[in-house]
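Colleague: Sending over a structure as structure tokens; questions will come in a sec.
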Amino acid sequence: MQRFATGTEAALALRPDHPLYCFRPEVLKEDARQFMALFPGETAYAVKTNGEPMVLKTLVEAGVRIFDVASPGEFAAVREASPDAEMLYMHPVKAQSDIRLALETYGIRVMSLDHEDEIAKVLRIVRAMDLDPASITIFVRLQTKGHAMYELSKKFGAAPGHAVELVQRLDKIGFRVGLCFHVGSQVEEAESYELALKSADWVRNRAGVELVGLDVGGGFPATYGSSPNRKPVHVPPLTELMGQLRDNITEWGFDDMPLVAEPGRVVVARAFSLIVRVLLRKGKRLYINDGIWASLSDSWTGKITLPARFIPDPARKTRKGDAENIVAFRVCGATCDSVDILSRPFWLPETVETGDWIEIGHIGAYSLSLRTRFNGFYPDDFVEVTTPFGDEGAPDGFASLETMAD
Ligand SMILES: Cc1ncc(COP(=O)(O)O)c(C=O)c1O
């Protein structure tokens, strides 16, 4: 992989006409290590967030040895990155053949579920393989309430009363039982975790079963930008959020059992930026060579304002307008689909033109993993970059809308 000090340097040297991902392995290691240092338990990286081999390999180098996986594709990717990494199969609804594969081929012994039919599926395979249920840990996933960019409890999680029944049933069969939750991705309030812990405590007390662990899921927020014309969303910094989470864990009496977290976004977001090219400027619209069916769907559905840096093409000798004047451009994606228009504008100098580049920062989470081949577009070019996106400043143009808190 070619290596550059900054994204700007890569853009000017390569003049990429297709989207170019800038991978920052040292940033990834730093963020993974920071999380592991702050969380008072085991860290299981959520592979769905970005399961690229370069990411998994770098995380292993950083000391991550547990991975949250959801499918056979993720089991194989983790095994490829590390022959002895532990995997937690935390998707609550699983294909029977995938459960068998997990237990038989990959030696996975930790799973989650939120329904009795799922217990029946797991038990069928456990009996067929003649395994002792006591060798398997099952986390019952609880429904939670809280504020996050992505609410996940609409789809998964048992209500507290139901969770009590599931815990008791699993215990009676002989499985080791724990509780887990996911407060939603990109949480907006630290209290979301406290509400979930309170609910977990209620279930523990009613169930009267000795729990073997608590998995607090993901949700830890990454740093993004904010729009100058909107009220800034207050995202608690990780140190603050983790301090509060640690206090809440003690307060609710979960500090005496093994804890796990499944962070995704907060670990990998900062590790990638994406250089896109303006294929066409039409008034206040920019048509770029990426979009919601490639790297930008998370920002579209989550209405996330990504930080962006303008990289003007030096080959263009004349420009109209005032480079100091930052204006909002509507951004249209590369495909012919008319919904492929970003939900948030890019704020850039009014001099931006066809042929210029924009480096979009903090794009490592839910970008590469959500790419489709729609319309035949599939960004897959990479370079390595050594300077963190936020450290480069705004050399020729302007960082739009950045509130790079850290
Ligand atoms: C079960 C599970 N664990 C972990 C994650 C990672 O969440 P985040 O990226 O918000 O940290 C997700 C995301 O959807 C998930 O579904």
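Here, residue 1 is simply the first one shown, and the rest follow in order.
Any Cβ shown, glycine's included, is placed from N, Cα and C.
Below are the features I grabbed from TrEMBL:
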- 32-269: domain 'Orn/DAP/Arg decarboxylase 2 N-terminal' (DOMAIN)
- LYS48: N6-(pyridoxal phosphate)lysine (MOD_RES)
- 270-362: domain 'Orn/DAP/Arg decarboxylase 2 C-terminal' (DOMAIN)
- CYS336: active site, proton donor (ACT_SITE)
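Describe each of these features in terms of where it is and what it packs against.
Modeller: Summarising the environment of LYS48 (N6-(pyridoxal phosphate)lysine), the number of other Cβ atoms within 10 Å of its Cβ, over all protein chains shown, is 21.
For the domain 'Orn/DAP/Arg decarboxylase 2 C-terminal' (270-362), DSSP puts the residue distribution at 7 helix, 35 strand, 51 coil.
Sequence-distant neighbours of CYS336 (active site, proton donor) (same chain, six or more apart, CB under 8 Å from its CB) are ASN375, listed in sequence order.
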